[in-house]
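Copied from TrEMBL, the annotated features are:
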type: DOMAIN; residues: 1-371; note: domain 'Major facilitator superfamily (MFS) profile'
type: TRANSMEM; residues: 6-29; note: transmembrane segment
type: TRANSMEM; residues: 50-69; note: transmembrane segment
type: TRANSMEM; residues: 89-112; note: transmembrane segment
type: TRANSMEM; residues: 191-212; note: transmembrane segment
type: TRANSMEM; residues: 232-250; note: transmembrane segment
type: TRANSMEM; residues: 262-280; note: transmembrane segment
type: TRANSMEM; residues: 286-306; note: transmembrane segment
type: TRANSMEM; residues: 347-368; note: transmembrane segment
Amino acid sequence: MTTASILTTYSVCALFACLGLGVGGNLPVDAAIFLEFLPFASGALLSSMALFWSIGTLISSLLAWAFIVNYSCPENEPCTKANNWGWRYLVLSLGAITFAMFLARFFLFTLYESPKFLVSRGRQDEAVTAVQGIAYKNKTQTWLTDEVLNEIGGYPEEVSDQKLSYTEILKRSLSKFSYEQVIPLFRTKRLGITTIIIWFLWTTIGMGYTLFNAFLPQYLSTSSSVYETYRNYAITAVCGIPGPMVAYFTVDLKYIGRKGTLAISTLITGVLLFCFTASQDPNAQLVCSALESFFQMMMYGVLYAYTPEVFPAPNRGTGTGIASCLNRIAGLCAPIIAIYGGSNASAPIYASGALLLVSFVAMCLLPIETRGKQSL
């Protein structure tokens, strides 16, 4: 990301594509691993992951407010590289923060492999090591040993060490990408329906989210100055922070649960998008976008929690990975829809609101409620 600030247009596009590849592969894995390490009683914590997304959005918006407003080309004057360093400073700053997080991953803590995944692959000794390592980090002891796990789950088959060439290793890794990884997600009718609806939700929400949020500064700028645009964008980001915190409490309420919180927050988000277009007054738009940000982050918080919970552990990465992939593909198509919206700046917002309302209907059809249930 940092390198992108000093390169040409095509090079920047290529680097941002690499950035998207990394982020897109990271997000579904985070949720899956976090869920498998959580105690059963703390499952609602998964919905709070979106809180950090909100904080990241706030940091980005504050940096944009500081740099783009003060270091961008003046209006009605020629725009050159010398007087257009605002977005470059923004990308440099975000790249530095991301690199610091990358280093923290390796030097500040140890991330263990999921014990459930290891057991499902017959690697029971590694699963025991992971559990014991987690217990040690938390200054406690675990009763789990190799002997206990083997007594409960049976002894794994002994496999002799094989020396493979790099080509054979690559072929074996690629052979795992097959429909056989997807079939277990449709093992039962109930799970199959849930899988289809979940993937549909990630697709529609991915497009609806991008249609509004990726172009929110442009929408705000139609009735505000550059300074007011990024100030309002920062205010909107602040209002998104409490959303996942509220979701953390509502997902365990008896008559609401995951499905209820998800459906209600999505419905309100869709309605607020239509309200956003009802007025050209900057203050009214700010109120709508701020409320939309709050309920939107509630929605995403629950969606990120619910999705890995409904998939069985051995195929959880596949299910959430495909969902995330569909989400990114839909988001990629969103700018095309915005372009063909023509001169009507509100058309993409209408489309975004409609997609979220369709998602609300689909959520009402989800057959599985994971509140109070142990993940598979």
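Any Cβ shown, glycine's included, is placed from N, Cα and C.
With a cut-off of 8 Å between Cβ atoms, the residues of this chain six or more beyond the transmembrane segment (50-69) that come close are 85-87, 89-90, 93-94, 97, 217, 226-227, 230-231, 233-234, 236-238, 240-241, 243-245, 247, 297, 300-301, 304. Here the transmembrane segment (347-368) touches the transmembrane segment (191-212). Their Cβ atoms form 3 or more pairs under 8 Å, with each pair 6 or more residues apart. Under 8 Å from some Cβ of the transmembrane segment (191-212) lie the Cβ atoms of residues 185, 219, 266, 270, 273, 276, 292, 296, 299-300, 303, 306-307, 310-311, 319, 322-324, 326-331, 333-335, 337-338, 348-349, 351-356, 358-359, 362-363, 365-368, all in the same chain and six or more residues away from its ends. Remote same-chain residues near the transmembrane segment (232-250) are listed as 44-45, 47-51, 53-55, 57-58, 60-62, 64-65, 216-217, 220, 224, 256, 260-261, 265, 282, 285-286, 289-302, 305 (criterion: CB distance under 8 Å, separation of at least six residues from the stretch ends). Sequence-distant contacts of the transmembrane segment (286-306) (same chain, six or more residues past either end, CB-CB distance under 8 Å): 31, 35, 43-44, 46-51, 53-54, 198, 201-202, 205, 209, 212-213, 216, 220, 232, 235-237, 239-244, 246-248, 250-251, 258-259, 261-262, 265-266, 268-269, 272-273, 275-276, 370.
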